[in-house]
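Q: Taken from Swiss-Prot, the feature transmembrane segment covers 31-51, 71-91, 101-121, 130-150, 167-187, 213-233, and the record attributes it to sequence analysis.
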Amino acid sequence: MLIIFKDLNLVKTNNCQIIGWWKQLSLPQKTFLSFIPLFLVTSAFVLTGIVESLLTFGTIIEQIDKFTDQTNVMLLIYAVIYTFNPKSWLLKNQQFFLSALAYILFTFIGYNLILSIAGIAYKSTNPYKLTSSIFLHVIAPIAFFIASFIKIKHEKDVNINMFFKSLLLFMIYPLIYGLYLVTIPYVRHYLFNGRPSTYTIYGSITNTKNNPFAWLVVFAVLFIYFPLSYLAIYLLQLKLIKKAIQPQFNLPFTLNKWKQK
């Protein structure tokens, strides 16, 4: 009986600690925490796709090289770090947050607009794959947008990198991914109905080997869409936290000095 009472006291103590921890969380943290189960589901879809790719093709590249899957896993990573360790160096100067927001925005727009126009989006009639696609391309991105808006509205006293530095850091991932995107058709092939075919990530729209128009698409996305979309998100953050815009766009010291001459 004594052991039972000790166990009950331990449970009560743990419950009190959990309640205390929950109360000290900010509203944005609570919002991201509430979405972690959703991001776990989308990451499970990604993991299932990797296993399926391994069993079907004997490799996992057909799954892990998808921008959608990479950015959805990024949402889970960010939500976990922000909720449980908001002072982490990974979250310094809002760089991870703004970048993740811009990346998942492209996942949302790229799939539901660009790939839909190209006739690639939502083609599967398999209920599981269709459900997975909706979660990855619609539900999870919208959830992150909601949580992000709440975070920006409620966290006014934040440090943000100067725009050009922030943009440079943001562009590292798209540029690396873009380089992979345009080169993979030249180096990887697979058999389709017994015939060798060019491997592309998103069909003809990214087939830089056989479709010259694909180069224009990739160039436009990398050097026009990504910088402009990041600029829009960056300005939105500044506006919502009522931070002066002009100082954030000052050129680096060396460029300013050269400009004055």
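Every residue number used here counts from 1 along the chain in the order it is shown.
Glycine is treated like the rest: Cβ placed from N, Cα and C.
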Q: Give the one range among 71-91, 101-121, 130-150, 213-233 whose Cβ atoms make the most pairs under 8 Å with those of the transmembrane segment (167-187).
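A: It is 213-233 that shares the most Cβ pairs under 8 Å with the transmembrane segment (167-187).
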Q: May I ask you to check whether the transmembrane segment (213-233) and the transmembrane segment (71-91) make contact, with contact taken as at least three Cβ pairs under 8 Å and only pairs 6 or more apart in sequence counted?
A: no
